[in-house]
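Colleague: Okay, so Swiss-Prot annotates it like this:
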BINDING   THR231, ALA232, GLU233, GLU285, SER385  L-serine binding site
BINDING   ARG262, SER263, GLU264, GLU349, ILE350, SER351, SER352  ATP binding site
Amino acid sequence: MLDIRLFRNEPVTVKSKIELRGDDPKVVDEILELDEQRRKLISATEEMKARRNKVSEEIALKKRNKENADDVIAEMRTLGDDIKEKDSQLNEIDNKMTGILCRIPNLISDDVPQGESDEDNVEVKKWGTPREFSFEPKAHWDIVEELKMADFDRAAKVSGARFVYLTNEGAQLERALMNYMITKHTTQHGYTEMMVPQLVNADTMYGTGQLPKFEEDLFKVEKEGLYTIPTAEVPLTNFYRNEIIQPGVLPEKFTGQSACFRSEAGSAGRDTRGLIRLHQFDKVEMVRFEQPEDSWNALEEMTTNAEAILEELGLPYRRVILCTGDIGFSASKTYDLEVWLPSYNDYKEISSCSNCTDFQARRANIRFKRDKAAKPELAHTLNGSGLAVGRTFAAIVENYQNEDGTVTIPEALVPFMGGKTQISKPVK
């Protein structure tokens, strides 16, 4: 959520930033109009309350002097009714303002490129060279079924489209990837490992920006009023919701693996085969809490943490800056990492790393103190995929496939695969 003072002091800037996202800047005028009404109501209410205090003294004085106080008692009642009415009006305006403010996205950083869609994202780095095959490479969805690493048909029978059973060495590879990623982040990148709740309440979803605007993308357990998480970013970021982080704690760096659940509303017909776009998938997440002046350097560091995984696995990738028309709701700046997939003959997103500045912290009321005597300030929050496990799985299977139908295990993963160096079709 944005600071109301930005609307008061820099309305032109806020309008231009909103317009860059393709949204209607008139919302700024709506907020300013409601803010003016609110301030007038507060002023009028304060005057009434001051008069009520004075009338209360007059009533007491008249009673002490045994004088008739009927007129001031009547005024007191009228004032009470008027104050109640003003408070009701103020509450209504507050609700309207909050309802609008919570749907306005974060302000985009000045160095984010302008554009309308992912076609306008800007490549800033490329690592590795896509492999040239001496044979016709297969898509990962064909490879995993031939090697009995996955079963899409039985998953569809049990749960519907966009689900998968990972079986045999497929399940082992998924687990190995999660263990490898978590181990690297905790032992080399300085993150604290967390196991997170995978059902959260509405306040938690509000804190990170999924609610109220993106409810259609979520799965909800109606009876309990809980939501399945679309990413571990949600519970990790809300760890400090409604808290003041004490001096000396920041920077705080969390990492956690979780299942992620997404309805994929609006993605009909896209990536319908394989592991790229499922309703349920595993992901290793990184979340950071930073002092405001440190958050931009933290974004660069977190992005290199994700890149280190891809490089150690030997997977060609590129880094792009998301343009103004493609960046997420809560982010001020986002880097996407895209891994090379031979089946697409293209790069596909495997990680997003974002600086959300104080946007989520204001929604979730996450503050910190620089020292014990200092006034609490809003922290900056960052999040990044480190990495999407299913997409990493797909990238390994495709990039490390062999002509004889086997898949070579990347060297970095061998210890996490029990020493296994290759996946072959099971005998049975």
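Just so it is clear, glycine is given a Cβ too, placed from its N, Cα and C backbone atoms.
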Colleague: Only counting partners 6 or more residues apart, tell me which same-chain residues put their Cβ under 8 Å from the Cβ of GLU349 (ATP binding site).
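Modeller: GLU349 (ATP binding site) has long-range Cβ partners ASP336, LEU337, GLU338, ALA388, ARG391.
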Colleague: Measuring Cα to Cα across THR231, ALA232, GLU233, GLU285, SER385, which the record gives as the L-serine binders, how far apart are the two most distant ones in Å?
Modeller: 9
Colleague: Restricting to the binding-site residues SER263, GLU264, ILE350, SER351, SER352, which ones have a CA within 10 Å of the CA of THR231 (L-serine binding site)?
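Modeller: The binding-site residues close to THR231 (L-serine binding site) (Cα within 10 Å) - there are none.
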Colleague: With DSSP assignments reduced to helix, strand and coil, which class does GLU233 (L-serine binding site) get?
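Modeller: In the DSSP reduction, GLU233 (L-serine binding site) maps to helix.
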Colleague: Where the distance is taken from Cα to Cα, which of the binding-site residues GLU264, ILE350, SER352 turns out closest to GLU233 (L-serine binding site)?
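Modeller: Smallest Cα separation from GLU233 (L-serine binding site) among GLU264, ILE350, SER352: SER352.
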Colleague: Around the L-serine site formed by THR231, ALA232, GLU233, GLU285, SER385, list the extra residues of the same chain whose Cβ is within 8 Å of the site's Cβ centroid.
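Modeller: Those within range, site residues removed, are VAL234, LEU236, GLY256, SER258, CYS260, LYS283, VAL284, MET286, VAL287, ASN383, GLY384.
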Colleague: What whole-number value in Å do you get for the largest C-alpha pair distance within ARG262, SER263, GLU264, GLU349, ILE350, SER351, SER352, the residues recorded as binding ATP?
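Modeller: Across ARG262, SER263, GLU264, GLU349, ILE350, SER351, SER352, the two farthest Cα atoms sit 19 Å apart.
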Colleague: Cβ atoms within 10 Å, counted per site: which of SER263, SER385 has the most, among these binding-site residues?
Modeller: SER385
